[in-house]
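Engineer: According to Swiss-Prot, the protein carries these features:
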type	residues	note
SIGNAL	1-25	signal peptide
CARBOHYD	ASN37	N-linked glycosylation site
DISULFID	CYS55-CYS72	disulfide bond
BINDING	ASP195, ASP219, ASP223	Ca(2+) binding site
ACT_SITE	ARG275	active site
Amino acid sequence: MGIKHCCYILYFTLALVTLLQPVRSAEDVEEFLPSANETRRSLKACEAHNIIDKCWRCKADWANNRQALADCAQGFAKGTYGGKHGDVYTVTSDKDDDVANPKEGTLRFAAAQNRPLWIIFKRNMVIHLNQELVVNSDKTIDGRGVKVNIVNAGLTLMNVKNIIIHNINIHDIKVCPGGMIKSNDGPPILRQQSDGDAINVAGSSQIWIDHCSLSKASDGLLDITLGSSHVTVSNCKFTQHQFVLLLGADDTHYQDKGMLATVAFNMFTDHVDQRMPRCRFGFFQVVNNNYDRWGTYAIGGSSAPTILSQGNRFFAPDDIIKKNVLARTGTGNAESMSWNWRTDRDLLENGAIFLPSGSDPVLTPEQKAGMIPAEPGEAVLRLTSSAGVLSCHQGAPC
């Protein structure tokens, strides 16, 4: 048999084999390209919609680089690093049996340390605090990757700095009697009866509270008072409570004149009544939040605070006498209408009414640096779609 004849036989054999092969679809081909397929799925699953979430949520390796979260703070808490420069501390126990001398492995032990710590949790936990949890400076409490619920007593941040609280569900908080409580590396100190706040921030700075869910407390869900400043509350979900977010506690607390606070990308819904926020003295940017009905009012204040409401969505309650977004208190109408309460690209729905006052303030360099660029109110449903505690899994975008 000649070489030419052999080549013809080989050609026809290969052609026949090719024809007998099943036709593969694009999906079949992707079986042989797992890396491309996984990438496509990861991108589809990633739903980071605002400037803070885009900084970290689409990174599948977030669990191996948790402290990168500290680079994502925006607003007036920008630069807050929490426990970034310290060790990662894993909470292994949900117990709170000894508040004066907590055992190693508990959240209370970690929170009281004088050194920077990035605190994470070994597993899902419901931590029933027997007294308020006093958090020391330079701490991050990071609940990503597990479900962490704190109940019965809340968190106290008093005269501290550089705190990040992230992805924690705090609810059903009661007034606690006080007593000897561990607050640092030294001996326990005598603490008075707590107010029953979910989170109480007093005299503290560089505080970032992000992706937390807060509900059902005896007093306020979140109080920020007594000269606290450079605070950002972002991506949180507030539900089922009367007094939600207080920025300045009293008209005689003049130290709050320097307060700078950002309220951004939060969801206020499901039977919230008022103080979202309630402001005194300071300078406040309230930007791209979702207000899904309220009981008495949404934003209020006294003592001439500056409130810049930018790109929020206000969906008013059905009650015709509750359509006003704002509540000005503590002085006559003429004086309160001189306060700088401004609205810019807010979306007013279901008859919501926003009555602005004053004029657009001239911002200081520090105020300019802390402003988050606002998107129009029409974008708020997207921007706040992941507000509250996230369900994160290691090895995948959060």
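Placement of Cβ uses the backbone N, Cα and C atoms for every residue, glycine included.
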Engineer: Relative to the Cβ position of CYS55 (disulfide bond), how many further Cβ atoms are located within 10 Å?
Structural biologist: 16
Engineer: Nearest to CYS72 (disulfide bond) by Cα, among ASP195, ASP219, ASP223, ARG275 (recorded positions)?
Structural biologist: ASP223
Engineer: Compared by Cα position, which of the recorded positions ASP195, ASP219, ASP223, ARG275 is the closest one to CYS55 (disulfide bond)?
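Structural biologist: Closest candidate to CYS55 (disulfide bond), judged by Cα separation, is ASP223.
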Engineer: Determine which residues of this chain, when ASP195, ASP219, ASP223 are set aside, have a Cβ within 8 Å of the centroid of the Ca(2+) site's Cβ atoms, and list them as they appear in the sequence.
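Structural biologist: Nearby residues not in the site list: SER194, GLY196, ASP197, ASN200, ALA217, SER218, GLY220, PHE243, LEU246.
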Engineer: Could you tell me which three-state DSSP class CYS72 (disulfide bond) falls into?
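Structural biologist: DSSP assigns CYS72 (disulfide bond) to helix.
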Engineer: Whose Cβ, among the recorded positions CYS72, ASP195, ASP219, ASP223, has more other Cβ atoms within 10 Å than any of the rest?
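Structural biologist: When each Cβ's neighbours within 10 Å are tallied, ASP223 tops the list.
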Engineer: Please list, in sequence order, the residues in the chain of ARG275 (active site) that are at least six apart in sequence and whose C-beta is under 8 Å away from its C-beta.
Structural biologist: GLY220, PHE243, VAL244, LEU245, LEU246, GLY300
